[in-house]
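Record features (Swiss-Prot):
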DISULFID  C61-C94  disulfide bond
DISULFID  C105-C110  disulfide bond
DISULFID  C112-C130  disulfide bond
DOMAIN    58-130  domain 'Thyroglobulin type-1'
CARBOHYD  N106  N-linked glycosylation site
CARBOHYD  N193  N-linked glycosylation site
SIGNAL    1-19  signal peptide
TOPO_DOM  20-260  topological domain 'Extracellular'
TOPO_DOM  282-306  topological domain 'Cytoplasmic'
TRANSMEM  261-281  transmembrane segment
Amino acid sequence: MELLRGAALLLLLCAAACAQDSCTCTKNKRVTNCRLIDNVCHCNSIGSSVPVNCEILTSKCLLMKAEMANTKSGRREKPKDALQDTDGLYDPECENNGLFKAKQCNGTTCWCVNTAGVRRTDKHDTDLKCNQLVRTTWIIIEMRHAERKTPLNAESLTRYLKDTITSRYMLDGRYISGVVYENPTITIDLKQNSSDKTPGDVDITDVAYYFEKDVKDDSIFLNNKLNMNIDNEELKFDNMMVYYVDEVPPEFSMKSLTAGVIAVIVIVVLAIVAGIIGLVLSRRRKGKYVKAEMKEMNEMHRGLNA
């Protein structure tokens, strides 16, 4: 009997200790096995089990890997009226520090990426060499808000976005190089050179990913949806695009051009050829007219001389 009581007491003590050491990761809902270490919440990122510090933003690579793991297992939380959008989403390989590996592969197809995980080369076989992870130094975020009767107040909008980015995503304000409003388009520029970034600074690629998820109503934060209110009016968005500029130009060949770009090039070339043909035909017609006119004048002269 005493043995049973002792075992029960031990279980209660273990449960109490576990409850005391458990914690909640407010900055990343895609984690598991959360525990307190030196009064700081640490968890394991889903899909990789890499430990993350819940007081800072989780790296984009680990977030993408967790999202893919949730998608495969069917556990991904989907927002209301969600449509499937897999553009740009893949299962990445991450370093132990959470950064993207320079070389990413899907089976036997491989490519090189930047620090944002965006492909910057053509796709090759597994023999591809990616010598370094090229840093993304400039991120351009373009958003188009829903139709409004009146334009937004540009000053209020700029102040709100800068305050939100610095407080919610903990990005130093010096990395926000500009906010431009041209109704209905809002453009945010984030710039961060490797020489400017100091230890402890949040990376602009992580900030852009968190912000993009917030705007698209798929927040990474736990129970902390972003409600964008400008002058006490909720702001809705119809479209959002993110562009990445690296410190080294990308290495795409002509083969990688999209069908749309190729079509535009073909149309331009055809227009030039058509213009040249039209010019040649026009000159030929003009030449024939001049010859006919000269012939008539010569005949008139011969008639007068006769």
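Each Cβ is built from the backbone N, Cα and C atoms, and glycine gets one as well.
Overlay of Swiss-Prot annotations on the structure.
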residue: C61; record: disulfide bond; DSSP (3 states): helix
residue: C94; record: disulfide bond; DSSP (3 states): strand
residue: C105; record: disulfide bond; DSSP (3 states): strand
residue: C110; record: disulfide bond; DSSP (3 states): strand
residue: C130; record: disulfide bond; DSSP (3 states): coil
residue: N193; record: N-linked glycosylation site; DSSP (3 states): coil
Students should find that the Cα atoms of C112 (disulfide bond) and C105 (disulfide bond) sit apart, in Å rounded to an integer, by 9
Measuring Cα to Cα, how many Å separate N193 (N-linked glycosylation site) from C105 (disulfide bond)?
27
In sequence order, which residues at least six apart in the same chain have a CB under 8 Å from the CB of C94 (disulfide bond)?
S48, V50, S59, C61, L62, K65, F100, K101
Spatial neighbours of N106 (N-linked glycosylation site) that are distant in sequence (at least 6 apart) but have CB under 8 A:
Y90, D91
Rounded to the nearest angstrom, how far is the Cα of C130 (disulfide bond) from the Cα of C105 (disulfide bond)?
11
Proximal but sequence-remote residues of the same chain as C110 (disulfide bond) (Cβ under 8 Å, at least 6 apart)
K103, Q104, K123, H124, D125, T126, L128
Give me the count of other Cβ atoms within 10 A of the Cβ belonging to C61 (disulfide bond).
28
Candidate with the highest Cβ count within 10 Å, taken from the disulfide-bonded residues C105, C112, C130:
C112
So what's the mean pLDDT when you look at the topological domain 'Extracellular' (20-260)?
89
Measure from the Cβ of N193 (N-linked glycosylation site) and count the other Cβ atoms within 10 Å, all protein chains considered.
11
